[in-house]
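Taken from TrEMBL, the feature transmembrane segment applies to 12-38, 109-130, 142-162, 182-198. Taken from TrEMBL, the feature domain 'N-acetyltransferase' covers 225-385.
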Amino acid sequence: MALGDDDLMSISFQTCALVIAGLPFTGFLLCLFLALFLHFEETTQTHCGVDNWLPSVSAAVSSVPPEIYIWRIFIAVHGGPRLVLAFIYRNLLLTSPLRPLTHVKIFRYLCHFGCGIHIAENLFLIGLTCISSRENHEAHKISFFGFVLTSFFYMFVATWLFSYSGRRRTTSLGETSYEYKVLASVAALISIFVAMSVRHSSTEFWLLPRDYPEFLIARFNDMPIEITEIKQGDADDILRLIKGLAVYEKMPDAVELTVSQLKIDIETKAVLGYIARAEENHEMVGMLLFYLPYSTWQGQYVHMEDLYVDPKYRQLGIGKKLWAKLAEYAANRNIKRLQWNVLDWNQPAISFYEKLPCRCLTKEEGWLLYRMGPDDIKILAKHAD
């Protein structure tokens, strides 16, 4: 491209496009590589019990540092040129030699409107990238939906304006470009409808754990779930689920509790809780255990100790039903506090809790959790006299 008298620099648009598209692609590959070699377990675990061999896009770029920061930097850097391109594309349409001679004001307004949608799309993308769902779930959700809506809307508006402005007819390349735009728009529209259809009608096909036959029984029979308070006769099944939770939390040998001790604790109300059973086969498929500590500020409160749903029966709303029963228990007794602990790497659980009307005290108030083991207790007890 030749330089004019007033031009200081000339950059090929092809080079710009390659750089702008290459930044997020390079960032993603780098995040994927780091996730595989540094955080494989954290980025491939799922809340539905499916074995993943590769991290999902969201897990690779937004689960753990340094991947989070790398992805944000690459998206932020590529966002600047994209904002400039929004104005360049608007000017390209406005200066088309075959632009309409009638309704000129409307045409100019539509070009400015398309530019605004283009800018909004990029700002929403930067927003959902830089604000994670863990930091501000509502802002992340708004940014995500804003990005999806504006990107689809702009895709159709830009394609139509490219034709209406006459740019498609200025050169053979313009006609080819328009055909690609139409094909891409139609393909995107068909893809999203197919994805929604598959998601609605055959979710089970995509979420198959190892024990496939039992999984199908649970899914396709649409079995009703019965939720009841725990009792001594449930101790064996409860301990089975407790051990399942310990395995998931990477501490399979940490469970020292026995069935006999659990029965005593249930009888004496040292532990309370609810269990979920499938009414068809009476199998225990989930549990929520809690107890009642005391706060010198608010009196007795609820501490939720364990929440676990069998992997075969997840995504059926069982966890929410158990939580609702616990909330009902607390509300009926005028209990003013319900709290629990969660491991900082347990992203599925954190995502679940962030959808509840709760707040993270570690972030907001800086509370730290301390613990003594049996040997530590004995050492300290020697100083009682």
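Placement of Cβ uses the backbone N, Cα and C atoms for every residue, glycine included.
Over the domain 'N-acetyltransferase' (225-385), the average per-residue pLDDT in this prediction is 91. With a cut-off of 8 Å between Cβ atoms, the residues of this chain six or more beyond the transmembrane segment (142-162) that come close are 89, 93, 110-111, 113-114, 117-118, 120-121, 124-125, 127-128, 131, 168, 174, 177-178, 181-182, 184-185, 188-189, 192.
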